[in-house]
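K.L.:
TrEMBL feature annotations, pasted as is:
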| type | residues | note |
| --- | --- | --- |
| BINDING | C114, C117, C135, C138 | Zn(2+) binding site |
| DOMAIN | 37-106 | domain 'DnaK suppressor protein DksA N-terminal' |
| DOMAIN | 110-142 | domain 'Zinc finger DksA/TraR C4-type' |
| ZN_FING | 114-138 | zinc finger |
Amino acid sequence: MRPGSMAKTAEQPRERFTNFTPYEMKKGEEYMSAEMLEHFKDLLLQWKQELMEEVDRTMHHMQEDAANYADPSDRATQEEEFSLELRTRDRERKLIKKIDQTIDRIDKDDYGFCDQCGVEIGIRRLEARPTATLCIDCKTLAEIRERQTGI
Ligand SMILES: [Zn+2]
């Protein structure tokens with residue numbers, strides 16, 4: 001296999017998981033009911049599974065692809081691709097860790113409320129970003145502060 005064949009897999013880890021059915025709240029259902037927590041746990045587990053398969057696939061791919069190229073420019077291209085891959089894998093691993101922490105919070109029934117102000121984060125926001133720990137207002141504020149202080 002020539003270097004360059006890996007370009008397709010060198011993409012961003014999936015920051016979002018979209019392969020699920022949006023949760024429909026029943027009439028009178030309480031926010032973060034047992035059923036709702038189950039929905040988010042399922043979603044996170046599936047997302048994690050998908051990410052782990054991606055990591056496996058790439059590691060396997062890299063081993064197969066680690067040929068010795070006689071041409072130095074081929075070697076350089078391959079090294080570049082590998083380091084890009086590794087950075088992506090690193091981000092994926094961090095994301096998996098975050099997913100694990102979130103599942104932990106679901107198990108402790110400490111999920112779906114803003115860490116900062118305590119309001120409901122909201123089902124739709126959590127479905128778009130299941131690892132969110134802040135409501136949209138606090139998140140926006142945190143991002144503004146981040147930009148200002150450069151932390
Ligand atoms: Zn908040």
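A Cβ is built for glycine as well, from the same backbone N, Cα and C atoms used for every other residue.
Unlike curated entries, TrEMBL annotations are predicted automatically.
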K.L.:
With a radius of 8 angstroms around the mean position of the C-beta atoms of C114, C117, C135, C138, what other residues of the same chain does the Zn(2+) site pick up?
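P.N.:
The surrounding set, listed in chain order, is D115, Q116, G118, V119, I121, L134, I136, D137, K139.
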K.L.:
In sequence order, which same-chain residues at least six apart have a C-beta under 8 angstroms from C138 (Zn(2+) binding site)?
P.N.:
C114, D115, Q116, C117
K.L.:
Where among the binding-site residues C114, C117, C135 do you find the Cβ with the fewest other Cβ atoms within 10 Å?
P.N.:
C117
